[in-house]
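See structure below.
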Amino acid sequence: MDAESIRLNNENLWAWLVRLLSKNPEWLSAKLRSFLPTMDLDCSYEPSNPEVIHRQLNRLFAQGMATWKSFINDLCFELDVPLDMEIPLVSIWGPRDEFSKQLGAGEESCPGPQLYHGAKRPFQSYGSSPRRKNSKKQQLELAKKYLKLLKTSAQQWHGGVCPGAWLTPHSPQTYIPPVLQWSRATAPLDAQEGATLGDPEAADNIDVSIQDLFSFKAHKGPRVTVLLGKAGMGKTTLAYRLRWRWAQGQLDRFQALFLFEFRQLNMITQLPTLPQLLFDLYLMPESEPDAVFQYLKENAQEVLLIFDGLDEALHADSVGTDNAGSALTLFSELCHGNLLPGCWVMTTSRPGKLPSCVPTEAATVHMWGFDGLRVEKYVTCFFSDLLSQELALKEMRTNARLRGMCAIPALCTVTCFCLRRLLPGSSPGQSAALLPTITQLYLQMVETFSPSETLLDTSILGFGKVALRGLDTGKVVFSVEDISPQLMSFGAVHSLLTSFCIHTRPGHEEIGYAFVHLSLQEFFAALYLMASHTVDKDTLVEYVTLNSHWVLRTKGRLGLSDHLPAFLAGLASHTCHMFLCQLAQQDRAWVGSRQAAVIQVLRKLASRKLTGPKMIELYHCVAETQDLELARFTAQSLPSRLSFHNFPLTHADLAALANILEHRDDPIHLDFDGCPLEPHCPEALVGCGQVENLSFKSRKCGDAFAEALCRSLPTMGSLKTLGLTGSRITAQGISHLIQTLPLCSQLEEVSLHDNQLKDPEVLSLVELLPSLPKLQKLDLSRNSFSRSILLSLVKVAITCPTVRKLQVRELDLIFYLSPVTETATQQSGASDVQGKDSLKEGQSRSLQLRLQKCQLRIRDAEALVELFQKSPQLEEVNLSGNHLEDDGCRLVAEAASQLHIAQKLDLSDNGLSQTGVTYVLKAMSTCGTLEDLHISLLNNTVVLTFAQEPREQEGSCKGRAPLISFVSPVTSELSQRSRRIRLTHCGFLAKHTETLCEALRASCQTHNLDHLDLSDNSLGGKGVILLTELLPGLGPLKSLNLSRNGLSMDAVFSLVQCLSSLQWVFHLDVSLESDCIFLRGAGTSRDALEPKFQTGVQVLELSQRYTSRSFCLQECQLEPTSLTFLCATLEKSPGPLEVQLSCKSLSDDSLKILLQCLPQLPQLSLLQLRHTVLSSRSPFLLADIFNLCPRVRKVTLRSLCHAVLHFDSNEEQEGVCCGFPGCSLSQEHMETLCCALSKCNALSQLDLTDNLLGDIGLRCLLECLPQLPISGWLDLSHNNISQEGILYLLETLPSYPNIQEVSVSLSSEQIFRMCFSKKEGAGTSLRLCECSFSPEQVSKLASSLSQAQQLTELWLTKCHLDLPQLTMLLNLVNRPTGLLGLRLEEPWVDSVSLPALMEVCAQASGCLTELSISEIQRKLWLQLEFPHQEGNSDSMALRLAHCDLETEHSHLMIQLVETYARLQQLSLSQVSFNDNDGTSSKLLQNILLSSCELKSFRLTFSQVSTKSLTHLAFGLGHCHHLEELDFSNNSLREEDTELLMGALQGTCRLKKLHLSFLPLGASSLALLIQGLSRMTLLQDLCLSHNQIGDVGTQCLAAILPKLPELRKFDLSHNQIGDVGTQCLAAILPKLPELRKFNLSHNQIGHVGTQCLAAILPKLPELRKFDLSRNQIGDVGTQCLAAILPKLPELRKFDLSGNRIGPAGGVQLVKSLTHFEHLEEIKLGNNALGEPTALELAQRLPPQLRVLCLPSSHLGPEGALGLAQALEQCPHIEEVSLAENNLAGGVPRFSKRLPLLRQIDLEFCKIEDQAARHLAANLTLFPALEKLLLSGNLLGDEVAAELAQVLPQMGQLKKVNLEWNRITARGAQLLAQGLVQGSCVPVIRLWNNPILNDVAQSLQSQEPRLDFSITDQQTL
């Protein structure tokens, strides 16, 4: 019966019903909301309107008869209905009498909805009625009735249908399940972990998937399921679907199901109990709720509670009410089993951080929306007619973006809704234009609101205002007060709002309204923001933000504006322009400005560095704008590597990313780590040609994900690296990859690490290797493969030509490959040629096989050996960690000679025993390529290292022919193959010695054994003695290590005999306490037994370091008898011999015996006693050694514990050195010491530093000094000598005419040194620093200076000598004749005026001949000539006639003129002449005028005003005898320069003129040229840094012929180009005396260089030519190379920084063979390369002094060649190879270079191993002053070597080790080296890995260690 028949048959009844309800509109509205909570009603339009009531009754009637009858029943009971009308109403539509029996009868239908029937029954809350005690049967009956009521209520709510997707009614069969994916460990019991749930092709079977949601195994705890999905995925729909299924009886495991929404529960104002939540707020039992609740508790395992929208739950701190968060509290108690224990709880939520109330063991299910099949299934169900279905499906299949949007079920519904409107009247494919974005999709939906195309602008904006207000306040549920009736009607008409009843507390109900979907609320809010004139642009752009999903991990509740920025971006699209203009009723400019503002914000965001989630949201926004320029900008702003970590990504997210990548040109790397990924999302990457590296790492990636990925991989043409690690891929997923990977031939790396692959899948993947020609790595580690496939893997590695390495270790399985282009050889057609080619390929290919910890046994070894024999050359075989044991190791070792192993065979950790060791040794007898065998049973180490085949070695050396000529004979001999055997920690005893030696003899029958290591065994003294007897049978070794074998002293004496009995033993090192014993051959260091062995170029390190034998015995206690026996044993040793002894202490008797035995050791060259405590008498015993043994040339005893004696075979050599620093010597020891030393023939050096002499000891020493035949340095530093001692020395100075220099400093350095000369009368220099003198002491000083006639120079530095004291000193010093120079450095010099200084100098008793003042440096120099000669009055008057005496200093002038009359040299530096009155300049003018003998005047680095310069110029104009003038580096203006040039016109006798850094303009240059034309005697002209340029050079060149005597010409830094150079070249032949020519730092190219090259041969005297820092290039260099041999006198040339390459460099150095005098070569900062270096090494001039090649692109080979060539240059003083990549090519010197002062190897990437040889051989350079090793990779090993040699480097002043890898240990060693006697003032160590506190501690112990950059810069 339909509504139409009702109206026809009961027209009067229907009309009366309308009239009745018109009078009760509020009652009708309440009932409609109760019966129709989810439907939208016309309640906003005049509720009393009969038409509205009529329409509402029709909707109610359409719900079915059960609902309609329930409504009529409530109408009759609750309203005042007349009896005459009630009877027909009840008779037609009323309930039957048996309604009360339906529940018991079990019928499924129920009249009325679930919550609101029975309004006649008064409300009674749970707990308000008295509880009655019921029997078990009654309780069961009551529960049964309630459960049936609960089910029928659910059926009634759904009205027989299940809610489907939004906007469209659906039947139960039309529901399309989304893709579900399990997470965590709680997978369904009957489903595969990681599988997706739900089959879109079989809707009937979907119940099985839904059932799986509740079939997982819960461990002792609550059964909680969390369903996670982004907005629009269908979480709420699935929740109601579950309730519908349960109501239909399809979830039979649950008796009761309760469904709650958190958005409604948030409205509860009073904290409910669980029974109140279930009964009062959901459905109340008809009676006895206590019994029903008790039943539910007892059967909790069959109760399901669903809570929808956990992300919307309010926390206790979210609102201000006391009961806030009460619903979440109940939810938490349920989840943790505190309430209704055992029940099932399910909740839905958007992704993010779950509240703490969710148990960690809860099952998590991800909802991913629709895949392609589900989209098509949904479209098919949506459209009822076949034509519409076909059209819609066609649109979906042709529009990938539309299909991608439909992956979100909510958007799929909107899309279908829009297509239903568009398809009938549109052409195919039009959806791509009309629905390109989500925003456009929603706009199409909005346009359907008004079919007449007239938009309801006011309603839309009003709706948007409500939506925005809700977003701003966090409101999704609105009340009647929030929405106006008009808007409510608008929302109801267009299905935009949904209404429902809300229980805020028991017994209280309200009506709530909400948007049908939160995204719709965001869309209307975006419309309002873009179109409302009440929102300005600043407010608008504040909403364009990116919501980071990382925030979701820290916030308990999501924000409500996830899609708002995307909608705003979409509305900023040009396609929305007209719509917004119409909606806002504004012009295009107004709308355009707002759209542009949004685009600008997105552009700024695109330029920033964003987190992964924000980047994804930005890509969505950019896609919505449809702005190609913004998309391109965003794409180009991406980093080269995009990483996304730990947040969910959907197909839509990757589609947005792919859309951006389409606009990118450069390749990109994509890395997805720990991100939950939608199974079909890789399909979005189809065609992404910009992706070069793609990596996925997530446990949620399974087979379905792999299948989807395989559809994309073949379309990604640039993909080189693919990673699918940490996933759950099984055989099913691998089957797709196996089919796909061959289609990706460009792949270089594939990683399937940590999946679930088994043997068949692994083998299938490995078999793909030949089909991937560019693959370099395949990683299959951490999968489920077994040991049974190991041989198959090895076979593949051997047979596949591209495999170069197979690594298997426990769970690791990695293939490394070489691309085909690198390994394939050319093939020819003939079969025999093919065979040769394949042989060559097998020989060239090398393979590494690492099969570690694979449980291999001897039978496996047999199979492997068989496979190995078929393989190409094996580079490495590693079988460590297996179970081969003795027989297996022997088997593999015996086969080693046939396996062609190039490098290493590792059999470690295989259970080898001592017996097995002998097996392996004997097996090695047939292996000719064995280089090293290392066996350690304790460490389970068995490693065999092999050398290359001889033919390969020869081939590898072909390219190094130039270097071979430099290899010394010793080195060539050592470069042959060397065999090393190390048997350490093997437990060998003395009884094993013979057996061991027998095995060793067997192993070296055909190949000599070079290095033998038997350390860390238990041979003992007996075993070692026996071994020394058997050593001759092992042949000539190069080293033997017997450390840690428990040796005795007898064994040591036995080993000492080896120095004489075994010819190969050159060095014996013994440390008894630490039990270290080394026997070494010639040229072998202790490193010989290290695992790494040098080959190739590095073999040069084995060059002969020592030519003498050495014996080192440490940590022992030597008694007289032992010493006697030891010396007797050493007598038989051939020499030369070096002996080093280290004892805890050595008695005087023992020392005497040792010294007495020295004459019997004529071969002894060095004796050291290190760390040996000696007595206080030992200095006298050692001082007497020169008389006892004349061969001793040097004795040093430091701190009574370090003694060194040097011997020389030439006893006739004059001069010996003796030193006793730190030996506590005092005045009482001086006489005895001098008596012993007086027996020397000649004493060249005596070091008594750091003793206790004091002033008295100095007196004693000076008294004994005449006895000493000293002719060198006497060092008394650090002896606490004071000023009194200095004065005493000066008093006695006339008694020592052979003292040449005295240097004293009373600062913390405490320097006191005297230098004696062999000849008398050479003059004495006295240097005093920080020696403060009192006035009385100044008088004594002056008296001594007057008496010491031999004193010629006095230095006073910081001696606190003030101006009065200086005046007194100058006045008191008076001599009968001679010269005395005084150098003064005091702080007050810069603060005293020039007249004051002049006045002081005028007080001198002698005549002033030289004067030099530097104010900034605070230095004063003057030279006095005695006696003071008085001039006659006539000459005095003549000199005064030119002077300006009209000054206040006129009284001084007469005295100055007299004092300065004989002044010959005047130098003023850093002096200011800016005084206003010109006093200083006038005074200087008068001095110049009066100094008729002045020959040299220098004024440099000074401030000179124009007025002062006028005075100076006037004075200079009268200096007619001036020969030298230096006016460089002054601050002058152009007019000042002209004034100065004018003063030069009369200086025709000048020989030297320096005018650097002057502003030489055209006029001043013209004056200079005019002056130069008169200086015919000029020899030295410097005009550098003047910017003369080409024009000025042309003018200058014109007068050069007038300077025939010119010898030195400097034009550097003058911007001279090729034109100026050509002018110079034309004139230079007219300067025949030119010797030094400097054109550096100009702009000369190859053209100018060609001109120079043409005339340089015409300069026969040219000795130095500097053309550095120009641009001559290779062409110019070749021109110079052709003419350089024509310059016979050339000594120095500098071509640094000239862009010279190998072509020019090689040609240049080839010309060096013609030079006889060349001393200096500087070619740095050019790209010379190795060819130039090797060529230069063959042609270095033997007289070379300086070689500078920094930053020249040199390599190791060139550096080694140069080092060997430098050994043939005995005069070399400086070598610089800095900033070259030398690595292992550090210069290795083996010959003495006596003059070498500086070595610069900074920033050369040098490591310890390469630098140790250089450090150890620094003693070959006795004159070395600077060692620069900064910026390398040096560590503690080099520091240790340096510490050893520092005490022997007497001239070393600078050691730079900053920016290295030296630790605190290395610094401590360096400190010890300094303490032992090094004179190095500082070692720079900053920027090394040393902690600040450790550095401070070390620096406090040894101040010469510098760890501070600041301190360093001040040095």
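Positions of Cβ are set from backbone N, Cα and C atoms, glycine also.
Annotated region 'Disordered' per Swiss-Prot: 103-137, in sequence order.
Per Swiss-Prot, the feature domain 'NACHT' maps to 223-542; the stated evidence is sequence analysis.
Ala231 (ATP binding site) falls outside any helix or strand according to DSSP and counts as coil. For Ala231 (ATP binding site), applying a Cβ distance below 8 Å and a minimum sequence separation of six or more within one chain yields Arg350, Ala410, His517, Leu518, Ser519, Asp562, His563. The ATP binding site feature in Swiss-Prot is assigned to Gly229, Lys230, Ala231, Gly232, Met233, Gly234, Lys235, Thr236; the stated evidence is sequence analysis.
Residues annotated as repeat 'LRR 1' in Swiss-Prot: 622-646. Away from its own ends, the repeat 'LRR 1' (622-646) comes close to residues 436-439, 566-567, 569-570, 572-575, 598-599, 602-603, 606-607, 609, 612-613, 615-616, 656, 659-675, 693 of its chain (Cβ-Cβ under 8 Å, at least six residues beyond either end).
Swiss-Prot lists 744-771 with the feature repeat 'LRR 3'. For the repeat 'LRR 3' (744-771), the DSSP-based tally of helix, strand and coil residues reads 11 helix, 3 strand, 14 coil.
Sequence annotations record features per position, and here Swiss-Prot assigns repeat 'LRR 4' to 772-796. This prediction places the mean pLDDT of the repeat 'LRR 4' (772-796) at 91.
Residues or ranges marked as repeat 'LRR 7' in Swiss-Prot: 930-953.
Sorting the repeat 'LRR 9' (1034-1055) by DSSP state (H, G, I as helix; E, B as strand; all else coil) yields 8 helix, 3 strand, 11 coil. Look at Swiss-Prot and you will find 1034-1055 tagged as repeat 'LRR 9'.
For 1162-1184, the entry in Swiss-Prot reads repeat 'LRR 11'. Remark: secondary structure over the repeat 'LRR 11' (1162-1184) totals 6 helix, 7 strand, 10 coil, with classes taken from DSSP.
Here the repeat 'LRR 17' (1552-1575) is broken down by DSSP into helix, strand and coil counts: 11 helix, 3 strand, 10 coil. The annotation repeat 'LRR 17' is assigned in Swiss-Prot to 1552-1575.
Taken from Swiss-Prot, the feature repeat 'LRR 18' applies to 1576-1598. Proximity of distant same-chain residues to the repeat 'LRR 18' (1576-1598), defined by a Cβ-Cβ separation under 8 Å and at least 6 residues beyond the stretch ends, is recorded for 1528, 1548-1560, 1562, 1565-1566, 1569, 1604-1617, 1619-1621, 1623-1624, 1626-1627, 1633, 1638.
Per DSSP, the repeat 'LRR 20' (1631-1654) is made up of 9 helix, 3 strand, 12 coil. Among the features that Swiss-Prot reports, repeat 'LRR 20' is placed at 1631-1654.
What Swiss-Prot records for 1687-1711 is repeat 'LRR 22'.
Sequence-distant neighbours of the repeat 'LRR 24' (1741-1768) (same chain, 6+ residues past either end, Cβ-Cβ under 8 Å): 960, 962-963, 966-968, 1097, 1100, 1692, 1696, 1712, 1715-1730, 1732-1734, 1774-1791, 1793, 1795, 1800. What Swiss-Prot records for 1741-1768 is repeat 'LRR 24'.
What Swiss-Prot records for 1849-1872 is repeat 'LRR 27'. Across the repeat 'LRR 27' (1849-1872), DSSP classifies residues as 9 helix, 3 strand, 12 coil.
Note: the ATP site is recorded as Gly229, Lys230, Ala231, Gly232, Met233, Gly234, Lys235, Thr236; in the same chain, Thr348, Arg350, Met367, Gly369, Ile408, Pro409, Ala410 also have Cβ atoms within 8 Å of that site's Cβ centroid. Residues of the repeat 'LRR 18' (1576-1598) grouped by DSSP class, helix first, strand second and coil last, total 10 helix, 3 strand, 10 coil. Using a 10 Å radius centred on the Cβ of Gly229 (ATP binding site) and all shown protein chains, the other Cβ atoms total 26.
For Lys230 (ATP binding site), applying a Cβ distance below 8 Å and a minimum sequence separation of six or more within one chain yields Arg350, Pro351, Gly369, Ile408, Pro648, Thr650. Every protein chain considered, the tally of other Cβ atoms within 10 Å of the Cβ of Gly234 (ATP binding site) stands at 26. Remark: Met233 (ATP binding site) has Pro178, Met367, Trp368, Gly369, Ile408, Pro409, Ala410 as non-local neighbours, by Cβ distance under 8 Å and separation of at least 6 in sequence. Through the fold, the repeat 'LRR 20' (1631-1654) approaches residues 1579, 1584, 1600-1601, 1603-1622, 1624-1625, 1660-1673, 1675-1677, 1679-1680, 1682-1683, 1689, 1694 of its own chain, all at least 6 residues removed from its boundaries and within a Cβ separation under 8 Å.
Within 10 Å of the Cβ of Lys235 (ATP binding site) there are 23 other Cβ atoms, across all protein chains.
Beyond its flanks by at least six residues, the repeat 'LRR 11' (1162-1184) meets 1108, 1114, 1130, 1133-1148, 1151-1152, 1155, 1191, 1195, 1197, 1200-1209, 1218, 1220, 1223-1225, 1229, 1232-1233, 1236-1237, 1239 of its own chain at Cβ-Cβ distances under 8 Å. Note on Gly232 (ATP binding site): other Cβ atoms within 10 Å of its Cβ, all shown chains, come to 24.
The helix, strand and coil residue counts that DSSP assigns across the repeat 'LRR 1' (622-646) are 13 helix, 5 strand, 7 coil.
Same-chain neighbours of the repeat 'LRR 3' (744-771): 695, 713-714, 716-731, 734, 737-738, 777-786, 788-789, 792-793, 796, 800-803, 813, 815, 817, 819, counting only residues six or more beyond its ends whose CB sits under 8 Å from a CB of the stretch.
Note: Thr236 (ATP binding site) has non-local neighbours Glu261, Asp308, Gly309, Thr348, i.e. same-chain residues 6+ apart with C-beta under 8 A of its own C-beta. Shown for the repeat 'LRR 4' (772-796): DSSP residue counts in helix, strand and coil, namely 10 helix, 3 strand, 12 coil.
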